[in-house]
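Taken straight from TrEMBL:
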REGION    1-38  region 'Disordered'
COMPBIAS  20-38  compositional bias 'Acidic residues'
TRANSMEM  45-67  transmembrane segment
TRANSMEM  79-102  transmembrane segment
TRANSMEM  122-140  transmembrane segment
Amino acid sequence: MHHSRKRIYIRPPAEQQAQPEEEQDDMEEEEEEFTDDEGPAARYLGIRVGIFVAIVILLGFMTQWLFGAEVRFLSNVFLNHITVGTLSAFVLAGGWAILQALWSLNLCGFHPHSWSFDGKDAAMILLVIVAVIGALYLLYQLIRGLYEVAQAGQQVASATIYVRNKEMRKRVVERYRVLNYCISPEPEYSERPEAKAAIENPAW
């Protein structure tokens, strides 16, 4: 005869099943913290956008203070301030990206005063090109940062789920007693007590 091993969970009495209100509140708070987390990507994006807006506002003041009426493109003061600050940020970012590229190519032996332009239009075209490069550079840095945060977030989420599952299994083991024992198969008819009594004391 083969014996089958089974695992049986025995619930504690009703007074032991009732969880304290404080413990239930703690579990609900943990679930809310786990489900309501907006994720690091949103924080990363919000911080970068806030820093960019602050730089745009600051550069808007500095550029107008340095160049005066030459940088007045729009009649609206606020829109002109934001436009000037944004273009200044893009130009600075583009110049930084160009310097990094030249440095990586070992071409930094240049002298800015050796650059010559045919006129004001050529200088404006160069500034526009640098601004476009700066915008693309900032966009690239933002996308790369979001990608890195997303990759790190997957690892953190997996580790968090593993820890939560481990804690939940530990709580289940603490609340419910687990018993392992062998259950013998049902005895044959000839081995049952009522069958033995009928054989020893027949009614006929």
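Yeah, the Cβs are placed from backbone N, Cα and C, and that goes for glycine too.
Quantities reported herein were computed from a predicted structural model and do not represent experimental measurements.
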Contacting positions for the transmembrane segment (79-102) when only residues 6+ beyond its ends and CB under 8 Å are counted: 52, 55-64, 71-73, 108, 110, 127, 129-135, 137-138
Residues of the parent chain within Cβ reach of the transmembrane segment (122-140), under 8 Å, 6 or more residues beyond its termini: 52, 87, 89-98
